[in-house]
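Okay, structure first, notes after.
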Amino acid sequence: MTVFETLQTICDSPNIPWKNIIIGFSAGQFLFETYISYRQYKSLSSNKLPAVLENEIDQETFEKSEAYSKAKIRFSIVSDLYALIQKIAFVKFDLFPRLWHLGNKVSTILPVQYRAVSTIAQSLWFLLVLSNISTVAELPFSYYSHFVLEEKFGFNKTTMKIWITDMIKSTLLGVAIGGPILYGFLKIFDLFETNFLWYVCLFLLVVQILAMTLIPVYIMPLFNTFTPLEDGELKQSIEKLAKQVGFPLDKIFVIDGSKRSSHSNAYFTGLPFTSKRIVLFDTLVNSNSVEEITAVLAHEIGHWQKNHVLNMVVFSQLHTCAIFSLFTSVYRNISFYETFGFVIDATETTIPEVAIPTKVFTTGFPIIIGFMLFNDLLTPLECSMQFAMSLLSRIQEYQADAYAKGLGFSKNLCRALIDLQIKNLSTMNVDSLYSAYHYSHPTLAERLTALGYVSEKKKA
């Protein structure tokens with residue numbers, strides 16, 4: 001008997017309190033994340049800049065940055081508490097079978113070929129209902145984030161029209177693209193009940209590669225306007241840098257990020273075997289010098305030169321394979337599903353004629369719900385994994401910075417990072433545990449120190 005078969009046997013027991021385990025893990029995650037948020041909140045009250053920033057950030061900007069960071073932490077704690085309450089309600093009150101039943105009922109208003117007559121169809125209808133309910137439930141937080149928090153600190157440029165149309169576009173794309181992907185995902189379990197692992201991993205790898213290739217070209221332009229960078233000094237500087245390091249640059253675009261926010265950024269897209277695109281936010285182009293922008297792009301090209309994108313794809317796939325290997329222990333666990341209100345392979349195969357049943361009879365395993373609940377069981381492991389992924393990402397950022405420094409862009413990269421820190425009101429003081437868990441980038445002070453930055457001026 002293999003390790004996973006042994007796990008299947010151990011886990012398939014009606015005596016295991018699955019609900020209490022998931023609630024306990026979820027509450028534990030909330031308490032841990034709230035604790036490190038509290039540590040970070042305390043660090044924001046130090047009223048003292050890191051030494052390397054003392055001559056770079058004026059007191060007014062520093063205080064505004066601290067206020068902005070505190071407001072975001074308070075908001076995150078409230079939104080996390082709301083998410084925890086939702087999760088507990090779903091588990092405690094058997095809302096999964098209720099929504100499964102509701103999805104089936106909604107499908108009956110459509111022609112026969114679109115009704116939930118199979119487990120896969122039932123899963124798709126369930127997810128459609130769940131996603132729409134989740135969207136509505138998250139509206140107050142989305143509104144507050146854009147029109148209260150970001151507005152208060154002068155970042156929000158999103159209009160009500162853009163906010164609403166973004167939600168409509170996202171919903172339609174979720175159905176048009178997410179539906180077929182989920183169908184393919186579930187079909188693999190239907191075709192390969194006992195040996196699905198490698199097929200699922202291969203399928204998700206293909207989906208990930210297609211997403212990284214097609215989303216920048218076809219999906220993102222649905223939300224923003226991508227304008228080719230005009231001929232001039234900046235374009236010449238970028239093209240010169242690309243030629244110098246052998247970066248296979250395809251196109252350079254300026255994105256109208258200012259229509260939603262005054263935050264600045266720049267990035268490149270493309271895998272080793274696809275075209276490379278550099279994207280600059282208009283807020284960056286309009287406020288930074290040619291030398292600073294070129295330095296930022298030298299950093300981004302450093303990610304390409306070090307194969308960071310490909311490395312993260314490999315890491316992500318190893319993570320995915322590990323998750324689905326463990327999933328084999330519960331995906332056909334009858335007692336596991338029955339704990340959450342599903343009666344598997346019951347002789348009574350039709351849904352009881354009640355408005356909202358607390359138990360649903362089904363002849364197939366609701367795999368998608370099993371996977372959602374299984375992810376809740378992995379909460380302790382995923383918290384640990386977040387530390388590892390943040391660490392790996394920060395190492396890559398240091399390497400990209402070092403690459404730009406090696407090209408002679410150290411000074412201008414430091415100036416650009418400081419300027420972005422000021423404009424984005426990014427956090428100046430960061431607790432070490434909070435940073436290790438949440439930050440994919442080193443703090444500004446850490447990056448400047450690693451680059452050997454020495455201030456040349458004194459701020460008032």
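Each residue, glycine too, has its Cβ placed from N, Cα and C.
Any TrEMBL annotation is an automated prediction that lacks curation.
Positions annotated as domain 'CAAX prenyl protease 1 N-terminal' by TrEMBL: 40-225.
Per TrEMBL, transmembrane segment is recorded for 124-147 (among others).
What TrEMBL lists as transmembrane segment is 167-189 (among others).
Among the features that TrEMBL reports, transmembrane segment is placed at 196-219 (among others). When Cβ-Cβ distances below 8 Å are used as the criterion, the transmembrane segment (196-219) is approached by residues 173, 181, 184-185, 188-189, 269-271, 274, 277, 279, 309, 313, 316-317, 320-321, 324-325, 328 of the same chain, each at least six residues removed from its ends.
Marked as domain 'Peptidase M48' by TrEMBL: 228-452.
Within 10 Å of the C-beta atom of H303 (Zn(2+) binding site) sit 19 other C-beta atoms, taking all shown protein chains into account. What TrEMBL lists as Zn(2+) binding site is H299, H303, E397.
The active site annotation in TrEMBL covers E300. For E300 (active site), other Cβ atoms within 10 Å of its Cβ number 20.
Per TrEMBL, active site, proton donor is recorded for D401.
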Using an 8 Å cut-off from the Cβ centroid of H299, H303, E397, can you name the remaining same-chain residues around the Zn(2+) site, in sequence order?
E300, G302, H308, Q396, Q399, A400, D401, Y403, A404
May I ask for the distance between D401 (active site, proton donor) and H299 (Zn(2+) binding site), taken between their Cα atoms and rounded to an integer number of Å?
5
Cβ-Cβ under 8 Å with the transmembrane segment (167-189): same-chain residues at least 6 beyond its ends
119-120, 123-124, 127-128, 131-132, 135, 142, 196, 199-200, 203-204, 207, 219, 222-223, 331, 365, 367-368
Out of E397, D401, which of the recorded positions has the smallest number of neighbouring Cβ atoms within 10 Å?
E397
